[in-house]
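Notes to accompany the following structure.
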């Protein structure tokens, strides 16, 4: 039996790995540990120090060695040294019995402490926030890094589990092969067990029957002949498995008649292409030969043009921007814009109610860790040549740190657009006036690869004070096997739940939602949210015009007044203002949120996935600042019931006028797949802006200098091109 | 009297100019004519051959001499030689009596003729479409370029006038100074008559009283001390003038108590800045040292990557894209996507019903000529260093041609983004897979400066088959004078109709709408429009899920079924498909229109400006192809009543299934000005996509090569930086 051999082989490899890991952890080799951290020979296959590029292409510096990092800023992430200290505390806490660390990150000091802190001051006490599981219980702990003091927070009232660890995922992937039924059905479907990969998908939550154990639903693929096994689903098999015990709880085994789609034409890798490549002879490159105009001070403080912000990787959110401040040219002072901003939760419901598909309603940040799934970026192609990179230090499931290198890139962008321009008519002025200024921005990028899908997450800072937040979707569409090879075989009334993309492959309709947490602090923490309503007003005979559009401003008093559904024919602008600070002519200073293309969830509000991801009920929300309310889908999103969500917090209807408030924005995409998405999809993007509105006294980029020919780089084509 | 002197002086200068022009036109100097055409010493101050840059920075070619241009393609614009021939015909037609040419352009051959034509074939008969006025009548003429044959088309059933000519505008600007009342009120307001510029604004149309004569409403500004006279309105004066007679019909003279805002701080020119400039030490540049990857064959046929299209400047639309075809890598054949696309009309209603403001409801393409107002682009700053430029040849109001140089730029863009990418988890595959491909596109850009506002109009072609159409707004917000200098002076119930931007300056609320004509021909002319409706569907107990989103496709039978208002909570995709052609798996080939941020008009549908610009009643329209239906606001938009509009054509409700159809898209912006818009506004953008949907068998950019370090340009910093 090939299946049995595969299983034996797999078990053997796993055992060797476990023994190796055990040896490394328990008998650390002080000489080699530095090298291992960087070379990822240690505790995680997800460590990606390979292929690191140098800090700056023109500098001859080595990759940064994180082993001796020390924190410089209250919001700097935990260092390797600090994590190791916390690790010891956790180990002793659980008395060396079985435990898993799901999250080990800095516990941010209280906001007022951070706001008071100045460079040169001693750092506030360093604390770790730890989410762990032991003996079937969730633990939320605060651990003093130096003191070792542990405070346990009661989370017994919150349903769900923390995101799965990478170890959880690796381990559970082998579970199906322990089932004789599973191995038999695979073989009966004509698939070689050596070419089967089962991927762990979160099960959502569909009622109390699913409570009490951590479950995962594995779906399996034929990996033969392609790196793009996603295009070769073994349709109808769902292996419901207990993550903690690795026990197969249920094996759904349907749709045997559906063939496995062929491998031919599915591989997207460069090495797999046989036909001619599309190549433009003269590459266009973003060039900046003397290096960038930004500096990253003390590893995390980014300073560029008129912006300054703290940037850190986070295993759950991915990129975390804090203390974003912009320089006011009029006063020479930096002004607060945003205390903290990050992607808080995702929701990706697939629109197929059948047994093998209904549960696919992913909450990627809370179920998998959005940052945890962000691997090393590919220099030159993920980010342009002038990019610099930032590493992350994350904790493995035993609590030990490892380095995720090149997780974030930072680069300046000039895309050929203007910051502003004007030509004056030569009819009016004596000589032609033609003034134009180049638009240059700073991009912070991370790419999370959630199994098949890739989310390119950009924060783009503009020198006019605008922050553009963009999500780009690419990667691979998850597909469903079908017996059809042509639409003429499909009965008109039959529902496919998607588009026939290729022989035997249906791209299933789905949505993507990304919710952003945006703790705006416009010139201070006490802010208000204003609905600037645009309404038709009738002139009632007082003008040759019948009507015009009038602006009516309303300050939201409580959270429910700030639950906003966007309406094209009943539009508003949405401003976060500081009612205590006005410009010289008396307008309150503010920022507005400017939506672009978005989508709203069409699921029933009482449908379990919609309740869990109820942050998609509105596009905009505003809540009263509460340090514990960060994750729009709940702290423990995995198998959560939806009682710890943005909707629930907002429904408390707390006062939000002239106080510390948080803006939440939900971006959405409906995705009806098309053949162009096969076998890998061209990038689609959407985003929104945070834009100054009467924040500055005047156009802050009026004095940007134009480009002049003799100041631009001197370039020649590469010899090889 | 300073005013009188000014007037005398002005009149003298005008007379000299007129005599000079008359001499030049009637006694052409054959030796100098070439030079004059390029140096703009001839017939139009709007000719912008100055500051031309070379075709290619590395080539030592001279600016293109258009005097001997010949057409190569049925859609090539009329050449100077051809225009001169038509000019002669027109002159003799009107027997040398007074006439004005408002438009003299190629009359496109019939679509079937163009579709049949192949390179090497003789060109179909060249004809000019001429719009002229003589003896108070509009003429729409077809003139055979070689035959001199003239066909007059009856337009007596259409209200309105053709767009004003540049001569109309120049001439009428002096009209107010002939009014003693005007000169007196200016002086009484403390303004030096030598520093007054009156700009001609279209009056809209507000009832029959305004019929029978071509009117313009002049608004005046104090030009002293700033190039940005728009910030110094002489509020409350409106000089209603007859364009044909230059007679002041009515002088509105109100708001004398409102001071003229100060000049200080309003000038945006580089030369006017005294403070420190914002300058990034290391410029980021888009570099392509060996030149671009596109060619422009025969002056108008653009070929880049997998795209080919015909590009020509048009005095009304600006940029006209025709015969856009994309290469299918699977077959090696070019496939039709769009027969023709251009911006058809604009609508910019200001939201103030007061006497000096209510009429400001501009239709810039039809009233002023959107292309006519597009001046020369500023190399390096309007378009990046790697851009190439295209000139226009337009007709002056006597029918003679002149060259508008550098009106359009074309460049390849790499903005640091990916065409697609994927990282495969190292848990599943033996070694890390990380594939990313750079996104490179081709941008065609024009900038129209409609007095104060600048519209950057981009057509961006992507190699995945997507066309992104983008409008960026910048330039100067038109403002209203006020006696207020602080919001604390304003009574809570008082309507400002805008935002106090600076001392004595209110930025008035307004909208911008741009309507695009998109004659999609997906693999042929017979297409259908499909509403791909996304609806909530209940599972009725058949699934643990309560609901999902179902796709319901409906083919629109007639035009009214394709009058589409976008709805966030009742969403659809909108596809133009070829029902006669299917992919291998049987999906009809198509393109979809993908809206991004937009706005809908809030004016009453029966309000005169809304009726005239009723193309803003919906975001999407589809009409049956009709060669004469090109301008969504009507052929003669100036003072039109709204009976020759897209709404009227669509309301005929003609069949649109499986026939030649035109898609129309209206993009919108609400603009509540803010202080950052003073004294010149940072660029804001919105756009929409035409995106292949089951048009290709698979991802057409799968085989795009990644960037490789040693193939990128070799650059060093400029010596001066």
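Cβ from N, Cα, C; glycine included.
Keep in mind that TrEMBL annotations are predicted by a computer and have not been checked by a curator.
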Exercise. Out of A:7-27, A:28-48, which range is noted as transmembrane segment by TrEMBL?
Worked result: A:7-27
Seminar exercise, completed: Secondary structure of the domain 'Copper amine oxidase N2-terminal' (A:73-153) by DSSP, residue by residue, totals 20 helix, 29 strand, 32 coil
For this session: With H, G and I counted as helix, E and B as strand and the rest as coil, say where DSSP puts residue A:453 (active site, schiff-base intermediate with substrate).
Result: strand
Exercise. Could you give the number of helix, strand and coil residues in the domain 'Copper amine oxidase N3-terminal' (A:162-261) as assigned by DSSP?
Worked result: 29 helix, 27 strand, 44 coil
For this session: Identify, in sequence order, the residues in the chain of residue A:453 (active site, schiff-base intermediate with substrate) that are 6 or more apart from it along the sequence and have a CB within less than 8 Å of its CB; answer 'none' if there are none.
Result: A:348, A:473, A:474, A:475, A:476, A:477, A:478
